[in-house]
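A short worksheet on the structure shown next.
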Amino acid sequence: SGHHDETTDEPSESSKPCCDQCSCTKSMPPKCRCSDIRLNSCHSACKSCACTYSIPAKCFCTDINDFCYEPCKSSRDDDWDN
């Protein structure tokens, strides 16, 4: 499970991994998890994505990283409701 095929086209800006609700433990290194809920898929860098069986499916990434991804909201419109 360590390799993934490079058959997809260049990822677009919108498929960059991002997370608005990220929480980390205070351990070293920190264990960070993104709790964003997305419809039908997880962000592009997610290795283990869990989805509900509803329609549309609500998906979240269960990966544990030692960092948080960039926030999704700020990348598009910085000045809107902060």
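Each Cβ is built from the backbone N, Cα and C atoms, and glycine gets one as well.
What Swiss-Prot records for Cys18-Cys72, Cys19-Cys34, Cys22-Cys68, Cys24-Cys32, Cys42-Cys49, Cys46-Cys61, Cys51-Cys59 is disulfide bond. Look at Swiss-Prot and you will find 1-24 tagged as region 'Disordered'.
What Swiss-Prot annotates, mapped onto the structure for a quick look.
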| residue | record | DSSP class |
| --- | --- | --- |
| Cys18 | disulfide bond | coil |
| Cys32 | disulfide bond | strand |
| Cys42 | disulfide bond | coil |
| Cys49 | disulfide bond | strand |
| Cys59 | disulfide bond | strand |
| Cys72 | disulfide bond | helix |
Cβ-Cβ neighbours of Cys61 (disulfide bond) (radius 10 Å): 24
Between Cys49 (disulfide bond) and Cys61 (disulfide bond): CA-CA distance (Å): 4
Spatial neighbours of Cys22 (disulfide bond), counting only the disulfide-bonded residues Cys32, Cys51, Cys72 and Cα distances within 10 Å: Cys32
Cβ neighbours within the same chain of Cys42 (disulfide bond) - under 8 Å, at least six residues apart: Cys49, Cys59, Phe60, Cys61
Integer Å distance between the CA atoms belonging to Cys19 (disulfide bond) and Cys72 (disulfide bond): 6
Of Cys24, Cys34, Cys59 (the disulfide-bonded residues), the residue whose Cβ has the fewest other Cβ atoms within 10 Å: Cys24
Length of the line joining the Cα atoms of Cys24 (disulfide bond) and Cys18 (disulfide bond), in Å: 15
Residue pair Cys18 (disulfide bond), Cys32 (disulfide bond) - Cα distance, angstrom, rounded: 13
